[in-house]
Amino acid sequence: MRILEKAPAKINLSLDVTRKRPDGYHEVEMIMTTIDLADRIELTELAEDEVRVSSHNRFVPDDQRNLAYQAAKLIKDRYNVKKGVSIMITKVIPVAAGLAGGSSDAAATLRGLNRLWNLNLSAETLAELGAEIGSDVSFCVYGGTALATGRGEKIKHISTPPHCWVILAKPTIGVSTAEVYRALKLDGIEHPDVQGMIEAIEEKSFQKMCSRLGNVLESVTLDMHPEVAMIKNQMKRFGADAVLMSGSGPTVFGLVQYESKVQRIYNGLRGFCDQVYAVRMIGEQNALD
């Protein structure tokens, strides 16, 4: 038997860090939403009691470093499943980009194995399993648009944002999320208006949503990688309505209300960056049945 799952990317419309916890994690408040850029996860049941991961992308690990592998092992061991699975990952989301590609692959694996092995687990249970794998996996189980708190595992769903285009540009650099969080100084930083972003989304106001964009990690990554600032500036220059770095970076996204501007911005950025995407903000939850 074979199961197919989409694993959509996410962007952070608002990302705040409120404190560092004793366990080394940080308390966050984030507004995340899914976009129309997705990996494809193909799950095939194996008679052998093992987990295999493969991908055409050479940057995708095929062992326990892969979050989809971890997801399969976790659900298999937790529910004493004696069958195996082959996980084929067709990558569309850029790797190590701040778009939760690995987390979304893990979440899609949890959803898919729940169906493949007829486990009948609730979305809440899958999200709890996801939290054991990574901070973004719980959100990615559901998708849609949500306020994430705690270390990112506490999810409260909110309305779908106003429809718009999202231009993504990823420079050819790698950013360590752990390094960015270590370098973050909570004293004296400007915190984004998370509640204001929720209100803008509830009101379906594109202009207010643009004005409330914020990410406390952005200044840290920009100090480490000036290339990110350059892409932000170019995206603004070519006409994006609002621009922000997603997650810990290095991907920058621009919100664009009118389709007539999209091609110009996309073409302009292609001169500065190899990985450029023009997609829609979807913000709708994944099918979980």
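Cβ coordinates are placed from backbone N, Cα and C, and glycine is handled just like the others.
According to its DSSP assignment, Lys10 (active site) is in a strand. When Cβ atoms from all protein chains are considered, those within 10 Å of Lys10 (active site) total 29, not counting its own. Annotation source Swiss-Prot lists active site at Lys10 (among others).
For Pro94, Val95, Ala96, Ala97, Gly98, Leu99, Ala100, Gly101, Gly102, Ser103, Ser104, the entry in Swiss-Prot reads ATP binding site. Listed in sequence order, the residues of the same chain lying 6 or more apart from Ala96 (ATP binding site) and placing their CB within less than 8 Å of its CB are Phe59, Gly174, Val175.
Here Swiss-Prot flags Asp136 (among others) as active site. Within 10 Å of the Cβ of Asp136 (active site) there are 28 other Cβ atoms, across all protein chains.
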Using Cα coordinates, what distance in whole Å links Lys10 (active site) and Asp136 (active site)?
-> 9
For Gly102 (ATP binding site), which residues in the same chain are close in space, meaning a Cβ under 8 Å from its Cβ, but six or more apart along the sequence?
-> Asn66, Leu67, Ala68, Val95, Gly134
How far is it from Ala100 (ATP binding site) to Asp136 (active site), counting Cα to Cα, in Å?
-> 7
When you tally the Cβ atoms that lie within 10 Å of each candidate's Cβ, which of the binding-site residues (Pro94, Gly98) has the highest tally?
-> Gly98
